[in-house]
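First the structure, in the form of structure tokens, and then the observations on it.
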Amino acid sequence: MLQLAQLLVSGYLKGSISTIERRYGLSSQKSGVFASFNEVGNTVFIVFVSFFGSRVHRPRCIGIGAMIASMAAFLIALPHFISGKYEYTEDVSDENTSGLCQREGFLQASNQTCSKNEGHANHAVFPILLLGQLLLGIGGVPIQPFGISYIDDYANKKNSPIYLGILFALTVIGPALGYLMASFLLRYYVDFNILLGELPLKRDDPRWVGAWWLGFLLAGTFLFLTSLPYLFFPRSMTTQESTETPVEPTPEKLKLEKEAEPDTTHELSLIQFLKKFPQIVLRTLRNPIYLLVVLAQVNLAAMVAGLATFMPKFIERQFTRTASFSNIMIGGFSIPSAMLGIMAGGMILRRQNLSVRASAAMCSTAVLLAIIFALPLLFLGCSTQKIAGIYPFSQDGSQQCSLNCSCSNEAFNPVCGSNNVEFLSPCHAGCRQRITKNGTILNYTDCSCVRSDIYPGHAVPGSCKNGCSDLLIPFMILSSLTCFLASLSQTPSFMMILRTVTPEDKSFALGIQFMLFRVLAFLPAPVLYGSAIDSTCILWGKKCEKRTSCNYYNLDLFRQRFLGLQTFFVVGGLMFFFLSYVVLKRADSAQQQQAKQMNIMEKGGDKKETKQLINQSNVKCHSKM
């Protein structure tokens, strides 16, 4: 339950990140920094956890860590309560017609307030979010390492794999539930005190912001409640074997148990451990198979980091879907496909009893097939819809007609003209009238910039469709197949690591592996993806003369750079898996060659001994004669 609660927070954060970005005007690069910042605390403290592993009260450390993580979830929700009501541009009412085209010389001011107090509150938002993520990473450090070791120490050896299997299954189920929870809560407006019926915004409006903060409060409370029992667990427990019928230990078993007892006289101090830490890391990395497999896994982890953080946003933009719908796609299709791939890879490994070399071949084949299914995704999409004066950029004077309307340069209230061209606002479309029903705007009329057969044209609220809705189903099918095939390599690659390092280095090798995951994949990858996405922006939003989040992207470049980065990392994984297969093949060939030479030498030695015996017998015969 504790692991589920922790991963629920993590999955919910990834699912709501595009909404937080829109709410506080963050760039995708900043969103990437925010998404990966929990790895900073995790990476720093994982070294100390590996040292203090068996020297501390593990259940109590788990409980305290989970409490810190729950406080971090509450801290991430704090900006909602200090930043005031969400105000979007061109928030018009019956008494205010500031969103329409006005007479010449009447400069429209954006309704967005720019008070000093609100400015200070908004400046504090990003540091608060980063601090929450940092504490979330620190609090999560002891949960899995101490939990796994505690279960393995005191559970029945037959039941231990079942318990650990349930724990590992939750590492996939937890984030999926987080995405689904985000899908449900983001349907509600960010300010709960406003009834949906009174809102002029619809859920498919590009300015819509859902109740992103509510999920952190719910998941944080769940995490806090599940952490409390761990404060009352004992430091050590009676093993399940000892409660069963006692069996008289054999002398061999007593000898093994004595050898397995830790030698406290050789325990290192923290200073000695930190001094020897780089030496142990270098010794582990000198194993070529270990290094190649870990680098392959790092590439695949970088691909997963980008998919988890920005795939919901990609679906939102590429297929003009809501944030709620996009999270359903990730939590309901992509993550379950990855879980099935992990399970299928483990079953194949068990049934076929694959060797290390065969495991490398299986990983290479699975990743190659994933690339084959991923390549069509680069071409499965649509271009950005026509936006007057923005895309495609032209000097035809399409926006000259709205110059006399004195439109605000911060206005963002998209409308779609009857000529299927999108405008930044009714003012930019030259609209002077609007038709409402029960407080809801149905359409805008008398739009001088909308060129149509019936002049002047009209416009409806919201963005124009780009015609990509029909491509969503084939996109999700290919994307899910790619996730499934790439995930087939996870279990075999872990077994390759466990079988190629010395038994005394196994725990440390896995620790180094996860540390490299964080340093080389989970930390930089979201920032890299965010920078690539920002480079495709064609119009940045503005508020109080400062740049906010992106309003429009070049969708062709967005698709090519985002999915191209994912394909690049999968190709990197294939390259390192294939190199590990080549190294193993050469090692096997060298061993076979050595075995042949040994056989030849043994046969040659037998012939020599036979010849000596014959000569000795001949000598004896001659002496007798």
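Keep in mind that glycine also has a Cβ here, set from the backbone N, Cα and C atoms.
Sequence annotations record features per position, and here TrEMBL assigns domain 'Kazal-like' to 395-451. The transmembrane segment annotation in TrEMBL covers 31-52, 64-82, 125-151, 163-190, 210-233, 289-308, 328-349, 361-380, 471-488, 508-529, 562-584.
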Between the transmembrane segment (471-488) and the stretches 125-151, 289-308, 361-380, 508-529, the largest tally of CB pairs under 8 Å belongs to 361-380
Which range out of 125-151, 210-233, 289-308, 562-584 gives the transmembrane segment (361-380) the most CB pairs under 8 Å?
562-584
Give residue numbers and ranges for long-range contacts of the transmembrane segment (210-233): same chain, 6 or more residues beyond its ends, CB-CB under 8 A.
1-2, 4-6, 8-9, 12-13, 16, 19-20, 23, 59-60, 62-67, 69-74, 76-77, 79-81, 178, 181-182, 185-190, 192, 323-324
What mean pLDDT score does the domain 'Kazal-like' (395-451) have in the model?
81
Intrachain neighbours beyond the transmembrane segment (163-190), with Cβ under 8 angstroms and 6 or more residues off its ends
3-4, 6-16, 19, 23, 80, 86, 144, 147-148, 151-152, 155, 196, 199, 201, 203, 208-215, 218-219, 308, 312, 322-328, 330-332, 335-336, 338-339, 342
Given a Cβ distance threshold of under 8 angstroms, which distant residues of the chain, six or more beyond its ends, lie next to the transmembrane segment (289-308)?
14, 36, 175, 330, 334, 338, 356, 360, 363, 367, 483, 486, 489-490, 493, 496-497, 500-501, 509, 512-513, 516-517, 520-522, 524-526, 528-529, 562, 565-566, 569-570, 572-577, 579-580, 583-584
Please spell out the DSSP helix, strand and coil residue counts for the domain 'Kazal-like' (395-451).
6 helix, 20 strand, 31 coil
Folded-back contacts onto the transmembrane segment (508-529), same chain, C-beta under 8 angstroms, at least six residues removed
28-29, 31-33, 35-36, 39-40, 42-43, 46-47, 50, 280-281, 284-285, 290, 294, 297-299, 301-306, 309-310, 497-498, 501, 562, 565, 569
